[in-house]
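Heads up: the structure comes next, in structure tokens.
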């Protein structure tokens, strides 16, 4: 998921609790949306991990603009990772979310792109299977390694790789994956 819009007043649980649980496994941008306009509520939401706070009533265009602004700031890796990988064969632009192979655009699904992006941000390092599963599918799928095997196979195919002759995605058996460019 790219962005979460979360109401504080949920029927079964406070939005703050949902946000705390979400922050245990994801840094996805969150806009809190609520009728509660008090400063204390805003401070609590922002301190809990919300990226923005919008009170009802609100304009749809304003909400959309706030969402676009958050997504723009999220596109640039803040961990020092170069935003573009290009080895003359594979081109990945993390800012524009563009992938090309020998100059031809490669259409990746959201999860395929998320995996490639995660591995690129950790290039040269092994990313463990539980880390990948949590980042891409969330905490309830940490043991669903078959999901990962299928996704890796599809991504390898689209990048012109194979398990036996891989240029980019290397499996560390029983541990995880490593991107090597």
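Cβ coordinates are placed from backbone N, Cα and C, and glycine is handled just like the others.
The DNA-binding region feature in TrEMBL is assigned to 82-181. Summarised by DSSP class, the composition of the DNA-binding region (82-181) is 38 helix, 24 strand, 38 coil.
What TrEMBL lists as domain 'Response regulatory' is 1-71.
Per TrEMBL, domain 'OmpR/PhoB-type' is recorded for 82-181.
As annotated by TrEMBL, 4-aspartylphosphate applies to 7. A strand conformation is recorded for residue 7 (4-aspartylphosphate) in the three-state DSSP classification.
Cβ neighbour count for residue 7 (4-aspartylphosphate): 15 (other Cβ atoms within 10 Å of its Cβ, all protein chains included). When pLDDT is averaged over the domain 'OmpR/PhoB-type' (82-181), the result is 87.
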